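In what follows, a single structure is set out as structure tokens and then discussed.
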């Protein structure tokens, strides 16, 4: 597809906008990934290496921006925006999305939100709050620059508005513009993954918006929502944030489920094993995933009954998730199981890494274990296996499987693609697998220094990060 000079601001075609979402995703994701390479360069050995002692807040600023960019500006625009915009009307038999101009506006809001978040680095101390923006650190006028927190909040608000507009667009398209005779019961798994994701966004994003606006008013308008000195409660913000933050994980991964299901089904010319159960499993994941946000807060002093409920419900999510994994494997086994295309290989890698990441999530879901492993590198290893490896491989699978549609070129049989896949996979495994052992050795996250005894594992992690960088250069 040829994109002319002004098509970014004048085009309302869903395919063109989907391609722009993908380009923005890779552009923003490259920036976020390079920030993570800086972090791993700092952590390749104990003591401070490339960050000066008097400027150690730079480390906090880097991992804050890295987290926000990779979640809100890499995975979401790529999988939800790119895959959704390009394929949802096609899968519904609709000529176009319901509101093409609103779709165009939501795309144009993405770079604006990205620039706002990046501007926080230009403030005096930067926004070193972590991507969670916890008070009282984010509301303190003494330890940080409030301007940095302001622009991060505005960036998240703009990104949230764009996501809500896309969600309304997708749901309206499916409900009112699908082809005649195409009932909801026979829609594909990919379509349902986008519908459920849109519903979760509409449910949870207003709560995040309310939470960050309360932060903003605490900073500038003398409210005391989160100030315990005046009967405020910083734990309230954690509830508001994680009510969005945990469903956000499923918002990121559900479109990847749709992509993987579509790729496995089409590459092997097989119907998905248990097609309806796959849709039901995604619905169960969405409902249960919205009811377990407190498992991020086991160390905040919860009652025993509360911890028991959230532990059991968290572990319960493994049932529908396991259903999906077994159905994918059964679909593979009903075929000749050959690696027909690179997208088939990437799909298999996704299943392996997502299963491993989900298994460590079941371990962390146990309140007694999580108290010991909370805020250690075990947590980082867990969610990077699901997101950094799982969702990102889902994004690359999208590009690999549909490159004919996107670019009019077919590189599936190119050996460089297989080389890139293996180099990237080995790199990310080397990066994140040793972090489990660092977590068991109680290495705290968000700290740029650590004991000399942990040098070996950290060196392996940094080597893996460098391998991943070379793999991505090959992909480019």
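Any Cβ shown, glycine's included, is placed from N, Cα and C.
Positions annotated as transmembrane segment by Swiss-Prot, on the basis of sequence analysis: 19-39 (among others).
Per Swiss-Prot, Ca(2+) binding site is recorded for 42, 448. Under the three-state DSSP scheme, residue 42 (Ca(2+) binding site) falls in the helix class. Long-range neighbours of residue 42 (Ca(2+) binding site) (same chain, six or more residues apart, CB within less than 8 Å of its CB): 48, 49, 50, 51, 59, 448.
Per Swiss-Prot, the feature transmembrane segment maps to 61-81 (among others).
Annotation comment: Swiss-Prot describes 66, 384 as Fe(II)-heme a binding site. Mapped onto three states, the DSSP output places residue 384 (Fe(II)-heme a binding site) in helix.
Among the features that Swiss-Prot reports, transmembrane segment is placed at 105-125 (among others).
Residues or ranges marked as transmembrane segment by Swiss-Prot: 151-171 (among others). For the transmembrane segment (151-171), the list of distant contacts is 64, 68, 72-73, 76, 80-81, 84-85, 88, 97-99, 102-103, 105-107, 109-110, 112-117, 119-120, 123, 127, 129, 133, 194-195, 197-199, 201-202, 205, 208-209, 212-213, 215-216: same-chain residues at least six beyond its ends, Cβ to Cβ under 8 Å.
Swiss-Prot lists 194-214 (among others) with the feature transmembrane segment.
Counting only same-chain residues 6+ beyond the ends of the transmembrane segment (240-260), those with a CB under 8 A from a CB of the stretch are 71, 75-76, 79-80, 83-84, 132-134, 188-194, 196-197, 200-201, 203-205, 207-208, 210-211, 214, 282, 285-286, 289-290, 292-297, 324, 328, 347, 350-351, 354, 383, 386-387, 390-391, 393-395, 397-398, 401. Summarising the annotation, Swiss-Prot assigns transmembrane segment to 240-260 (among others).
Marked as Cu cation binding site by Swiss-Prot on the basis of similarity to another entry: 246, 295, 296. Less than 8 angstroms from the CB of residue 296 (Cu cation binding site) sit 238, 242, 245, 246, each of them six or more residues away in the same chain.
Residues or ranges marked as O2 binding site in Swiss-Prot: 250. Secondary structure at residue 250 (O2 binding site), taken from DSSP and collapsed to helix, strand or coil, is helix. Using a 10 Å radius centred on the Cβ of residue 250 (O2 binding site) and all shown protein chains, the other Cβ atoms total 21.
Listed by sequence, the residues of this chain that lie at least six past the ends of the transmembrane segment (278-298) yet keep a Cβ under 8 A from its Cβ atoms are 189, 192-193, 196, 199-200, 203-204, 235, 238-239, 242-243, 245-247, 249-250, 254, 257, 261, 272, 306-307, 310-311, 313-314, 316-317, 319-321, 323-324, 327, 364-365, 367, 370-371, 374. Here Swiss-Prot flags 278-298 (among others) as transmembrane segment.
The annotation transmembrane segment is assigned in Swiss-Prot to 310-330 (among others) on the grounds of sequence analysis. Outside the transmembrane segment (310-330), and at least 6 residues removed from its termini, the chain residues within Cβ reach (under 8 Å) are 257, 260-261, 264, 272-274, 277-278, 280-282, 284-285, 288-289, 291-292, 294-295, 298, 302, 347, 351, 354-355, 358, 361-362, 365-367.
For the transmembrane segment (345-365), the residues of the chain that approach it from at least six positions outside its boundaries are 253, 256, 260, 263-264, 267, 292, 295, 311, 314-315, 318, 321, 325, 328-329, 332, 339, 373, 378-379, 381-386, 389-390, 393-394, 396-397, 400, 418, 421, 425, 428-429, 436, judged by C-beta separation under 8 angstroms. Residues or ranges marked as transmembrane segment in Swiss-Prot: 345-365 (among others).
Residues or ranges marked as Mg(2+) binding site in Swiss-Prot: 374, 375. Following the DSSP three-state reduction, the secondary structure of residue 374 (Mg(2+) binding site) is coil. Cβ neighbours within 10 Å of residue 374 (Mg(2+) binding site), excluding its own Cβ and spanning all shown chains: 19.
If you look up Swiss-Prot, you'll see 379-399 (among others) marked as transmembrane segment.
Cβ-based neighbour count (10 Å, all protein chains) for residue 382 (heme a3 binding site) stands at 24. Positions annotated as heme a3 binding site by Swiss-Prot: 382.
For the transmembrane segment (105-125), the residues of the chain that approach it from at least six positions outside its boundaries are 8-9, 17, 20-21, 24, 28, 31, 57, 61, 65, 68-69, 72-73, 77, 81, 143-145, 147-149, 151-152, 154-156, 158-159, 161-163, 165-166, 169, judged by C-beta separation under 8 angstroms. Long-range contacts of the transmembrane segment (194-214) within the same chain, counting only residues at least 6 positions beyond its ends with a Cβ under 8 Å from a Cβ of the stretch, are 80, 83-84, 88, 133, 153, 156-157, 160, 163-164, 166-168, 170-171, 174, 187, 223, 225-226, 237, 240-241, 243-245, 247-248, 250-251, 254-255, 258, 282-283, 286, 289-290. Among residues of the same chain six or more beyond the transmembrane segment (455-475), those with a C-beta under 8 A of the stretch's C-beta atoms are 30, 33, 36-37, 40-41, 43-46, 396, 416, 419-420, 423-424, 426-432, 434-435, 437-438, 441. Cβ proximity to the Cu cation site centre (mean Cβ of 246, 295, 296, cutoff 8 Å) flags the following additional same-chain residues: 242, 245, 292, 293, 294, 297, 310, 314. Counting other Cβ atoms within 10 Å of each Cβ, the lowest count among the binding-site residues 66, 246, 295, 375 belongs to 375. The DSSP secondary structure for residue 296 (Cu cation binding site) is helix.
The separation of residue 384 (Fe(II)-heme a binding site) from residue 374 (Mg(2+) binding site), Cα to Cα, is 15 Å.
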